[in-house]
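Structure record follows, encoded as structure tokens.
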Amino acid sequence: MVKESDILVVGGGHAGIEASLIAAKMGVRVHLITMLIDTIGLASCNPAIGGLGKGHLTKEVDVLGGAMGIITDHSGLQYRVLNASKGPAVRGTRAQIDMDTYRIFARNLVLNTPNLSVSQEMTESLILENDEVVGVTTNINNTYRAKKVIITTGTFLKGVVHIGEHQNQNGRFGENASNSLALNLRELGFKVERLKTGTCPRVAGNSIDFEGLEEHFGDANPPYFSYKTKDFNPTQLSCFITYTNPITHQIIRDNFHRAPLFSGQIEGIGPRYCPSIEDKINRFSEKERHQLFLEPQTIHKSEYYINGLSTSLPLDVQEKVIHSIKGLENALITRYGYAIEYDFIQPTELTHALETKKIKGLYLAGQINGTTGYEEAAAQGLMAGINAVLALKNQAPFILKRNEAYIGVLIDDLVTKGTNEPYRMFTSRAEYRLLLREDNTLFRLGEHAYRLGLMEQDFYKELEKDKQAIQENLKRLKECVLTPSKEVLKRLNELGENPINDKMDGVSLLARDSFNLEKMRSFFSFLVPLNERVLEQIKIECKYNIYIEKQHENIAKMDSMLKVSIPKHFVFKGIPGLSLEAVEKLEKFRPKSLFEASEISGITPANLDVLHLYIHLRKNS
């Protein structure tokens, strides 16, 4: 049977959900093919969304019309701001989720969205015509034709689950791997490599002894992810902290020879920032304990996820390890930990629109691109969906810059540098992180969302008013010169503030940590009518004014540099500071400008600086 749509999405995980929903929202006919409809939106690993860097991604996805934020706000069990004591640039919202509620909400959202149809089957191969994808075939002899195809297969491509010496061809425990599609992608000439990730054991909630464990509460004023969320008052459950100990470590050491990670059974590279417990014991042998979080998987608290105990050790060893830990001495394991090895395609095979360079109309998103994490997958799925629709409409792709969004950083890192380990987002990856805060996501991306038809006009108008109010009042504060007069000193004293000794503008005064929103309104009467969202932005902009201005200068400098032309017969060979790889790629593609050079995978900002210098030197000589 042959069926037709505008866009096909393969895979119903976090990337596939965002890709299919956003494309349907933008008015094209979308068909989602997934192995199991009931696992759409399943959180395969930890029961949480957000975190450092990841919270930024979730909020960016939300502003650009994505679903992850709103689903999380409907299914959260505990909400916290991580790094709350640090500056706003590095804070991250994180929520424990009810995995059942999240999955059901996501599935129903997909099933009830106009322009979006779903079928339960397995994609086996791509249909190509003149190096352009035109559809797929499935395991039940269906043929789907479409103008664009987005592949979001997660860990299912030639997936192998490892528990001790046992191996099974699964994409997730108990679910079939996608071997035919994996073979098809290899045959098409993509650069396919292997990665590994893992998950932690789960234990029955009624078998845990919580007495003596440290209770971990949510925030008193819980933060939420979606700007569309109203009247937010979630039920908050506690997590609990426990630790491994020397006995735990000895049990693991005694069984290193049975660990797939060390026996040579696993060849794929695992996530650097989420290592298995056996890897931690091996690499940090001097540590006497490792922190573990017991996290409820649902509101019923029937199962707890042991965060920090990712493992692929044999079943009997997992039993001994868990029973050696305080609070888990009599724990009943409901699901064992396991490692999974899977195919991914080097993301240097992609453009910044997430379209493959080899095959026109084919987009990749999520773990197939070498990333790890629900949020990273959602961000890529969203962008692939948007760009597939724009390509259908013969419009320019939507590319976010590194100075605009963490999504821009994520995609730029992937397509220019590639990866040899599962890539996850951190605030440290963003060189412009002072500009890319969670608190200003709406102001950063609202205009893009509105232009793409993904934000309501009335809301956007209010947002623009707020943005104008921020700019006007910052200008007014800069022009407001304060002197240590009797009146000024008296007012500062009444507010419990230290006196000023010299002239100072309003921005410098508000840079003080102690100057909260209430004091701002009290001292500067023109700030009284402003809403809290505007005041908060003014406060942050004042506090980091010098650094923010510096980052804007750097961006302007970079934008100016990228406009520099590269002479037609410019010789790249022999330039100190350019790697052999960079020289080979520059000679091969012969970019006409530094901007074109920046689009070549493997060309770094440092390479561009060197090129800029030598273009200037050779012009002058």
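Note: Cβ is positioned from N, Cα and C throughout, glycine not excepted.
There are 35 other Cβ atoms within 10 Å of the Cβ belonging to H14 (FAD binding site). Taken from Swiss-Prot, the feature FAD binding site covers G11, G12, G13, H14, A15, G16.
The annotation NAD(+) binding site is assigned in Swiss-Prot to 270-284 on the grounds of sequence analysis. In sequence order, G198, L261, G270, S310, T311, S312, A339 are the residues of the chain that are 6 or more apart from S276 (NAD(+) binding site) and have a CB within less than 8 Å of its CB. A coil conformation is recorded for S276 (NAD(+) binding site) in the three-state DSSP classification, outside any helix or strand.
When other Cβ atoms within 10 Å of the Cβ of G270 (NAD(+) binding site) are tallied across all protein chains shown, the result is 21. Here G13 (FAD binding site) is positioned 28 angstrom away from E278 (NAD(+) binding site), judged by their C-alpha atoms. Local packing around the binding-site residues R272, K280 was summarised as the count of other Cβ atoms within 10 Å of each Cβ; on this measure the leading residue is K280. Classification of H14 (FAD binding site) by DSSP places it within a helix. Each of the binding-site residues G11, G12 was scored by other CB atoms within 10 A of its CB, and the lowest score goes to G12.
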